[in-house]
Amino acid sequence: MPSNYRSFRKSVPWLILFLETVFIILFYFLVPRYGYDAFIRNISYTDFQDVNNMVIFGFGFFLAFLKRYSFSSTGFNLLIIVLGVQCSILMEGLLFLKDPNERDPKIITMAAVSMTAVAISSGAVLGKTNPLQLIVMTVVEIIIFHVSRWINKRFLQVQDNISMKHVHLFGAYFGLAVSSRFSEPSPRSEKNASTPKSDLLSMLGTLFLWVFWPSFNSVLADRDKTKAIYNTYFALAVSAVTAFTLSVLTTKDGKFRMIHVHSAALAGGVTVCYTAESIDYPWIAMILGLLASVITILGSFCLQRCLSPALKIHDTSGVHFTFGLPGLLGAVAQVVLSVIKKWTVLPSLGYMVMIYIGAFCLTISVALITGFITG
């Protein structure tokens, strides 16, 4: 954590105890109101286990690439995840369980999925924030994310599982907005340095995320889970292969750069998230994986040299081109594929397109505005 942070013992433990006390009190009043069955019925432990492994192991090691923050980032990730899941369940209960007929039997699994947004955002401010700031950011972000979902459902009539798919977009742009309020560390500072050991831990996190990403996308599917698993795997496979290819083509010495694989191997899974259950042919998923990997590597090349210096936004782990840009590509692909599929239903086509576009534009706008205020 930053060297000017002096009052760790005086503030962080008491904030954690205060939040945990508030959560326990709210659970005491909330659970009897809706019934414990609303939270625990028909839970698929396999789905929950895979998502939980992703957010704990995957993102914990994924963010461990900095020399000074390799172990602390893993520990802080566990802290914010376990606090955030409790807050997420409470927000689900307050906003989405008012009607007994709309109770979600996967509430704890979806709470773990929503923590992906916080894990992504923390990657943008890694090394620049202390634990107190990370905890505050976690609570604020998870509340705003669920409010954004509620707005999408209440005013745009977007289904819960579709609004949850905006988790990558929200996390990336919320984190970038928060990061804009922090100064960039010196290029020669140890805060920007990595070691072979920290890079290895980070690549291990990428492998965890890569392996469990089909489960992540299939959890969000409400119709054909098997198709979502296959399409996600095809997209991930092609994005990983493309990452190795572009790494050789874009380096001066013509060698592999694991930083490219670290960023682009997951891009296919992020992009295909919106359409994983609706793609009827594997070659479509493979094309999306290829485009996602291309936009990730070329985006990192262009953004780091052109856009970031102009906007003065320091994105520590590159969440913009790892999750933000592939998420945008996936949202656009959802609109395009929906238009192709429902071309014959012209009366409702325009309305559907505007709903899809409005949903992800609203999500990005809310993330940027509230992230800037939070920062």
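All positions are counted from 1 along the displayed chain.
Note: Cβ is positioned from N, Cα and C throughout, glycine not excepted.
Marked as domain 'Ammonium transporter AmtB-like' by TrEMBL: 41-370. The transmembrane segment annotation in TrEMBL covers 12-31, 51-69, 75-95, 107-126, 132-151, 200-220, 232-250, 283-301, 321-340, 352-373.
Here the transmembrane segment (132-151) has Cβ contacts under 8 Å with residues 5, 8, 11-12, 15-16, 19, 76, 79-80, 83-84, 87-88, 91-92, 95-96, 114-115, 117-118, 121-122, 125, 160, 163-164, 166-167, 170-171, 174, 178, 362-363, 366-367, 370-371, 374 of the same chain, all six or more residues outside its ends.
Comparison of 12-31, 51-69, 75-95, 283-301, 321-340 by number of C-beta pairs under 8 angstroms to the transmembrane segment (107-126) places 75-95 first.
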